[in-house]
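What Swiss-Prot records for this protein:
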- Asp4, Asp100: Mg(2+) binding site (BINDING)
- 1-125: domain 'PINc' (DOMAIN)
Amino acid sequence: MIVDTSAIVAIVSGESGAQVLKEALERSPNSRMSAPNYVELCAIMQRRDRPEISRLVDRLLDDYGIQVEAVDADQARVAAQAYRDYGRGSGHPARLNLGDTYSYALAQVTGEPLLFRGDDFTHTDIRPACT
């Protein structure tokens, strides 16, 4: 299973639906996050003026067994195509941001479902980890 930044932010922030996301992570034998999404997650936590939480990101990923995966050339191409087709400014209702395209790409290249929060990915052809 591929994990988008939005899923971890929802868990840390205690958003509605966070329990479902936690349970999906606990059930998953192999969870991965794209390296740019890891950076995005750290930046979001830091921006929220909660440095204590930003320091816990690595521990949280370890607790859930989420591996950070480097971006390869295939993923980069798929991410670029996703931004073209689904990105902000494309006119598509998904309105993916740049970080979203890396989660999308890793899920597409690996064929794994994507764990996310929100409705942006529901407007794409990605397979969700939770319905």
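Cβ from N, Cα, C; glycine included.
For the domain 'PINc' (1-125), the mean pLDDT of the prediction comes to 93. In the three-state DSSP classification, Asp4 (Mg(2+) binding site) falls within coil. In sequence order, Asp4, Ala82, Asp120, Phe121 make up the list of same-chain residues 6 or more apart from Asp100 (Mg(2+) binding site) whose Cβ falls under 8 Å from its Cβ.
Taking all protein chains in view, 29 other C-beta atoms sit within 10 angstroms of the C-beta of Asp4 (Mg(2+) binding site).
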